[in-house]
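Accompanying notes for the structure given below.
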Amino acid sequence: MGGKRDEDDEAYGKPVKYDPSFRGPIKNRSCTDVICCVLFLLFILGYIVVGIVAWVYGDPRQVLYPRNSTGAYCGMGENKDKPYLLYFNIFSCILSSNIISVAENGLQCPTPQVCVSSCPEAPWTVEKSQLSQTVGEVFYTENRNFCLPGVPWNMTVITSLQQELCPSFLLPSAPALGRCFPWTNVTPPVLPGITNGTTIEQGISGLIDSLNARDISVKIFEDFAQSWYWILVALGVALVLSLLFILLLRLVAGPLVLVLILGVLGVLAYAIYYCWEEYRVLRDKGASISQLGFTTNLSAYRSVQETWLAALIVLAVLEAILLLVLIFLRQRIRIAIALLKEASKAVGHMMSTMFYPLVTFVLLLICIAYWAMTALYLATSGQPQYVLWASNVSSPGCENVPINTSCNPMAQPVNSSCPGLMCVFQGYSSTGLVQRSLFNLQIYGVLGLFWTLNWVLALGQCVLAGAFASFYWAFHKPQDIPTFPLFSAFIRTLRYHTGSLAFGALILTLVQIARVILEYIDHKLRGVQNPVARCIMCCFKCCLWCLEKFIKFLNRNAYIMIAIYGKNFCVSAKNAFMLLMRNIVRVVVLDKVTDLLLFFGKLLVVGGVGVLSFFFFSGRIQGLGKDFESPHLNYYWLPIMTSILGAYVIASGFFSVFGMCVDTLFLCFLEDLERNDGSLDRPYYMSKSLLKILGKKNEVPPGNKKRKK
């Protein structure tokens, strides 16, 4: 057995040797992965150049502000006091095309559009007696400034209507998304030209229901305005619960893990009992799979006894495996619990680490905001293109009109013999160097987004690992802990290991990009009913998912070794992997116990905040006084979901720090076992509880006497 053990140890590297000069994170170190650091900095420089190019050639006003028929922006420049866009015939958006397509194209409709200072407040139609009057008499003198710019005062109304220079009717409207949308609670006038049994009221209702923009956006804004301070209170409760859970682990880690394990055993036992009862009932009825046969209706298999028998066997096997694990691995579970307590103690001594996720959050927000703005500017880098359009190209006089050819919106074809001919917006040009390279620039931006996000996350992991490693390798705690361990680890990581973090982040980024490409291909092939192709695609996606999980695990432990020893990424990843493989059973036990505990913690925080938010915002908590009454909301579930989402983000941030602390202390613990033997010259750095569990002791117990130099 001894020879077998030695061979296994040799296969996964030799144990770490004792180094009398080692005192925790190495201070005298040099820059690592310099080539990757240079490549990363050059990539960031190129990313900045892409942003500058996008800023120079792009114009986000094209998606932020509506345009009138002449191509001018509403609410800007000469139309600064006219922020709203009015459609002459809003029903052209409804009757001529799919409303979803209209919304996707920026609410562009084949009808003249004009910028107005305010939307119409009352219904109005052109009367027959007004057709012979001038535009000035009918529109301008009555404060109906809704004609296209430049329409002469003395032009007859009938001429302006034929050339679609002025609207033939107005509907009471309200601004939404910068556009005038008609009200739905006003009886509109009867208008000619709306055929096929579609009434104006139905058209207005269909448009508003499809976009659903005005009412929902206003109500959501009102709800947030009335409940934002209570949402902040809920987030504060989540923060307090997360801190209390981590700090109390020092006292209740053992009982809590025991309760969780017994809970899992109890759930499995109840599931076994339930499956047995279902199987017994169906067995007495004689319901067998032979009677059912093969069917694609999976719910039908619930009515046969073989389904419940198979579930019963699987659950019984899982229950037996878990019981055997508890019996034979109880010692390692005790080690995991002791490490959880030690991690809570480390967090208590370095409370600043709990708020480091705020730094990571800000950096992630900067990366996402920069990418979003760059992508927006790139997407709007082309010049708007306009083409000739007519509602009915088969009408007399439209035979020789070059439909879909380029035109100038500033010079509308007013004298054309084709009725309804106009110059409408089509899209943005793809000519020019930037526009031809738009796809490549967007790909560069996506790669920059993934790489920078992964680098920021890697920075946070390495910084936290350096701080917690300084705690473990402090022989006298807390006297030997550095004064500013988190700040020192941050400066040390940025100065020496930017390249190593970029290397690990790049590997993970390439895998994630491959997953995104596969998801895109799978989306495009979703309509192909080829089971072989779908099976192959599913296998590829599963393999890449597993690869991404493995790389994240390996990178995480590599960053810990980088923070301690200051070696390059490849050497650190190899050393971490070999160390973990030499202690694979401990790794599995600690990982599962930690995952179970952190899952319970998240469930406690998120569930507690969710339940409190539900009872409060739904008005089920009475007698709190006038100052603590729940606000009257349109959608009471909105602040509840916001509170739950915020509580999950806060809990994930705090527990990610705790998880990083556990992983760092675990690797240090494994190396402590290999480096030292408890003698006067080589004492263990681990806590007394870990020494007691392992049945070991120090000749110089930590904290009582000075360590021999």
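Cβ coordinates come from backbone N, Cα and C, glycine included.
In TrEMBL this protein carries:
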type     : residues : note
TRANSMEM : 34-57    : transmembrane segment
TRANSMEM : 228-249  : transmembrane segment
TRANSMEM : 256-276  : transmembrane segment
TRANSMEM : 308-329  : transmembrane segment
TRANSMEM : 355-379  : transmembrane segment
TRANSMEM : 455-475  : transmembrane segment
TRANSMEM : 496-518  : transmembrane segment
TRANSMEM : 558-581  : transmembrane segment
TRANSMEM : 593-617  : transmembrane segment
TRANSMEM : 637-670  : transmembrane segment
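The transmembrane segment (637-670) and the transmembrane segment (34-57) are not in contact, since fewer than 3 Cβ pairs between them lie under 8 Å (pairs 6 or more apart in sequence). Segment contact is absent for the transmembrane segment (593-617) and the transmembrane segment (496-518), given fewer than three CB pairs below 8 angstroms at sequence separation of 6 or more. Between the transmembrane segment (558-581) and the transmembrane segment (308-329), fewer than three CB pairs separated by 6 or more residues in sequence fall under 8 Å, so the two stretches do not touch. Remark: the transmembrane segment (496-518) makes no contact with the transmembrane segment (355-379), by the rule of 3 or more CB pairs under 8 A. If you look at the transmembrane segment (34-57), the same-chain residues 6 or more away from its ends with a CB under 8 A from one of its CBs are 370, 373-375, 377-378, 381, 432, 434, 441, 444-445, 448, 451-452, 455, 498-500, 502-503, 506, 569.
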